[in-house]
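K.L.:
Pasting the relevant annotations from TrEMBL:
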type     : residues : note
CARBOHYD : Arg148   : N-linked glycosylation site
SITE     : Arg148   : site 'Required for activity'
SITE     : Arg155   : site 'Required for activity'
Amino acid sequence: MAASTPPLKDELDIVIPTIRNLDFLEMWRTFFQPYHLIIVQDGDPARNIKVPDGFDYELFNRNDINKILGPKASCISFKDSACRCFGYMVSKKKYIFTIDDDCFVAKDPTGKDIDALRQHINNLLHPSTPYFFNTLYDPFSDGADFVRGYPFSLREGVPTAVSHGLWLNIPDYDAPTQLVKPRERNTRYVDAVMTIPKGILFPMCGMNLAFDRHLIGPAMYFGLMGDGQPIGRYDDMWAGWCVKVICDHLGLGIKTGLPYIWHSKASNPFVNLKKEYKGIFWQEEMIPFFQDAILPKECTTVQSCYKELAKQVKDKLGKIDPYFVKLGDAMVTWIDAWDELNPPAKAVTSK
């Protein structure tokens, strides 16, 4: 029997940020080889990164980012995995899957390898239900449906913009939790996908994440982090908060749960504490800011929503620290760079 064509083979890019050789791809070969990879090399651009044979890929380092974006390259973080969002910008595909280079193939409770990419695609291709919670979680999953009492008028759902996957083994903890639970491991596999309800924020992790680039791509900016910035390790969470506010405003959905990947190694908690230190304080004001953020009805595109959010970041969070003024400016630069590399399609007019 002929092998089935991989789903969305020509419509999806895999984005990987890295500072090292990508030997981990060998484990993913069966699942990733049919797809195009965009590798964003962080750190020293003179270093030669090795990619296993047989993969179709582009590799961008800091010199490439500077050359492609010119002065706007200032919005792309350096020495931080936030640099991955450059890959979102240069992709020409409808969908993105991004994964960290310390993430391996996990096994489900039966011992079968989990095809994380296929599950993400399944999540993205089925609607979300942010306006009314279904107690059987995702009604579009196999073996599930809408329960009694679920309004028929809401059963069509809304387009899914983001699929947020989880991790077995090393949990995605902040530094203080890492320090007090150094041996903690996530062994709990929960066979569930759910839509995050409207008005509810969540801590988005970038190590196992997929999204519809056409629906939400311009909001997937991982902020200004790392080298030269007072904060790190908040890049994916910052993007997640911005994305959730915009999805709620535009009527889009976000799913979380399956698929799982195997997170193989924990980063150093003392190094992490140094990066997170200010964020641990700031998040107590950042989160209420996003909970209260309202976008005007005139904002009908992701770009207009994001620029409005950037303005509110400068006005309200700028009072906490000048960093947020800088971040707000970078958010606008990011959108300008995105639009430059992704100009809207011109309408075809008949003569």
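Every residue, even glycine, has its Cβ placed from backbone N, Cα and C.
Just tell me what is around each of these and how deep it sits.
P.N.:
Counting only same-chain residues at least 6 apart in sequence, none has a Cβ under 8 Å from the Cβ of Arg148 (N-linked glycosylation site).
Note on Arg155 (site 'Required for activity'): other Cβ atoms within 10 Å of its Cβ, all shown chains, come to 14.
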